[in-house]
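Q: Starting off with a structure, shown below.
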């Protein structure tokens, strides 16, 4: 019995995705195989974005099991990035063969009906610096996997760096003479420029700024921070002791910065404080700073600053805190906990899981482009001649010290936002939009409890579809190799981090995959997107300080304040709802993708509605603005 087969080949719509070579296909069914047929193409090429349709006539092959693709070049074989191949039989049944992997195609490649083409070069681990997570071994951009780089990324990155003022770091001025000098150079961040001196805005940023990861509820004041317990807040006659009992006192402790060797910029030694900051949640639900100590060890040369001190004493203390926060944020919460971890997840994913694996299908969109952006970061930002190395207080040896300490302090619970919020005692803090939006995103990804029942989930339902019981997880060797490599190469075999070394239950797997998704998308957005808004006004986040922290009060004025600021200027794809590639072909996972997208869009509308009533909208975790992966 003769049968007609319509073969449709889709080529990805991106630079260099097309090929000039001939492509041959063989259909394999339960009743036999077709002849090796040459596919037609538009003119002489499979152009980017092309959809090429061919018809094949052959004896009925029965249910299709797989296809064979072969690409032949006359002299030199080029690369090709097909998106998928669809085959429709004469009885109307459609078979979909997703690919989404770029290969040099130097050998025949086979593809099962529900699978993705698997022809790849094995990625290898490399040590960038001792004490930091391992990275992918790559000497040039050309050595990266072909399907990782995104179009125009180098140009985009350079434009973004210029936009944020990084290129201007090489432009120095002799001296700031007044605040108006800074205002002339920083035409951005208008809201921040107007409000950066205010205590309420200073405290607000510890909840909803670019680094909402430091503040925690303070139940007992540490002995190294001897703020008087009978201290009274203004005219309210509230004391520190009574407010601490009520749960209204919060602390940010930068002890991790203590003793970090600081940089020398333009021949001048730089300075970095290791402060402690005490906050009070007042009756207006504002997080107000009430005491600042700039060094860890108390003493006569380490005064505690209060809002009642002179204007510039208090402003100077807050600015040292913002500089410390800048350095810790960039290297720990931004670089390490999103960029470097995302690279570990990406490399281990591609080394251990085939493209047919459900975890691969879930996470590939969250790790795409990360290898390239990190390669550029290592060469443009944290190399010996990188801007972070040259123009921040922690640059040079301080980067390695701080990264090593940060790895040591990183825990699994701190990477899972529900656990992290609980551990920091921040469950009921009002106006904490990072927590509110972040927990909703986590729940949509993971599972959402409503009236004691699971009503909406994504990762849980997808993985439960493939793993019917815990034994299936335990016996998945590829999955176990994946988590083992993450433990060894990302967390450097430190069991105290709490990172799983193996998976024993479906629940453990679901939580870990959710953490990876959240880290690569929402968490990166939370600690990355606001840099332009909040660091665009340099005094709100100086990359370094040029004078040591003051050892006594009453000496600061505008001139001495300006002299501490850096002469150089400071730092200043696809969103989460988009599924550009259809990796899942089964009906149930695809339905769950649709439900997931619907819930994200619903949350986006809720966030936009809330933001209309806020003086300063919190947009960083709006799903429509959250990138899928660490791509910038």
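These residue numbers are counts, starting from 1, taken along the chain as shown.
Note that Cβ sites are derived from N, Cα and C of the backbone, with glycine treated the same way.
These came from TrEMBL, pasted as-is:
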type: DOMAIN; residues: 3-117; note: domain 'PLAT'
type: BINDING; residues: 18, 78; note: Ca(2+) binding site
type: SITE; residues: 102; note: site 'Essential for stabilizing binding to COTL1'
type: DOMAIN; residues: 124-632; note: domain 'Lipoxygenase'
type: BINDING; residues: 334, 339, 524, 632; note: Fe cation binding site
Q: What are the sequence-distant neighbours of residue 334 (Fe cation binding site), meaning same chain, six or more residues apart, C-beta distance under 8 angstroms?
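A: Sequence-distant Cβ neighbours: 524, 527, 528.
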Q: Give the distance between the Cα atoms of residue 18 (Ca(2+) binding site) and residue 339 (Fe cation binding site), rounded to the nearest whole Å.
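A: Just about 30 Å between their Cα atoms.
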Q: Under 8 Å between C-beta atoms and at least six apart in sequence, can you list the same-chain neighbours of residue 339 (Fe cation binding site), or say none if there are none?
A: 370, 373, 374, 377, 524, 630
Q: What number of additional C-beta atoms lies within 10 angstroms of the C-beta atom of residue 18 (Ca(2+) binding site)?
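A: By my count, 23.
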Q: Other than its own, how many Cβ atoms are within 10 Å of the Cβ belonging to residue 78 (Ca(2+) binding site)?
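A: The Cβ of residue 78 (Ca(2+) binding site) has 13 Cβ neighbours within 10 Å.
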Q: Would you mind checking how many other C-beta atoms are within 10 angstroms of the C-beta on residue 524 (Fe cation binding site)?
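A: Taking every protein chain into account, the count is 26.
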Q: Quick one: mean pLDDT on the domain 'PLAT' (3-117)?
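A: The average pLDDT of the model in the domain 'PLAT' (3-117) works out to 77.
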